[in-house]
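*Asks:* Below is the structure I would like to discuss, written out as structure tokens.
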């Protein structure tokens, strides 16, 4: 399971997997809702809900992105084609009129999610591992394999500040709830915090993992950060102090590829290489 996300109302979870399917689950019972969403021809690397909860966007090793109607359980329109390699990450804009995709072809692409048209191509210096919109939809952050975090103006396609140059692979980036900060997970087994307007260093490293940190997310109130790692654990951190909250969540037998908070901040969902999805109590 490469990617998991809560629906905006917290009632459902979507997952993308190496079995080329997207599945929707009841967050309370753990039961699958409806049939798997099928259409991709290879591993689904990234999935997320739109803010209204009505659609899901997905990116795949088959080089395509697709949009799905949650209620109908069907694909909306044809695949979004343009990438020439694996689509590693996708993210809706807050109004869901657009989405951004990042790929191993060293590009990000901005799409009109309603017309299916490609709006803009962002040329990057290396493989893109993670993309995310700021909460106001005006900026896009990207994390690259070469260890770079770039912050882009979503409307003009220009970089807002100098890229954040880092020494190790950036696996995951996420904006804080009000967009002031960016958290990153990297190949140095640590979590770092950056200023989203200047690109300046703010905090970190948060240390505790014993392998690459491949997924990070802020809590809805911005006070905590959750991380998933190749060390098979999920960790939760105090944003202000960088200290680990509670013991790591253990139980997986392989890499944890994806983590996300529930909208109310009470739970964390995680997806793993071992084929399972787990929900954890996140209240302090």
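Cβ coordinates are placed from backbone N, Cα and C, and glycine is handled just like the others.
Sequence annotations record features per position, and here TrEMBL assigns domain 'EML-like second beta-propeller' to 89-247. As annotated by TrEMBL, repeat 'WD' applies to 1-35, 37-78, 80-121, 125-162, 170-199, 206-247, 249-284.
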*Asks:* Taking residues 6+ outside the repeat 'WD' (125-162), which of them lie with a CB under 8 Å of any CB in it?
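*Replies:* That would be 85, 88-95, 98, 100-108, 110, 168-175, 177-179, 182, 184, 186-187, 194, 196-199.
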*Asks:* Within the repeat 'WD' (249-284), how many residues are helix, strand or coil going by DSSP?
*Replies:* 0 helix, 18 strand, 18 coil
*Asks:* Do any residues of this chain, six or more beyond the ends of the repeat 'WD' (1-35), have a C-beta under 8 angstroms from a C-beta of it, and if so which?
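*Replies:* For the repeat 'WD' (1-35), the nonlocal Cβ contacts are 41-49, 51-53, 56, 58, 60, 62, 68, 70, 73, 257-264, 267, 269-273, 275-277, 279.
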*Asks:* Taking helix as H, G and I and strand as E and B in DSSP, count the residues of the repeat 'WD' (80-121) in helix, strand and coil.
*Replies:* 0 helix, 23 strand, 19 coil
*Asks:* Report the DSSP secondary-structure composition of the repeat 'WD' (206-247) as helix, strand and coil residue counts.
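*Replies:* Secondary-structure breakdown of the repeat 'WD' (206-247): 0 helix, 20 strand, 22 coil.
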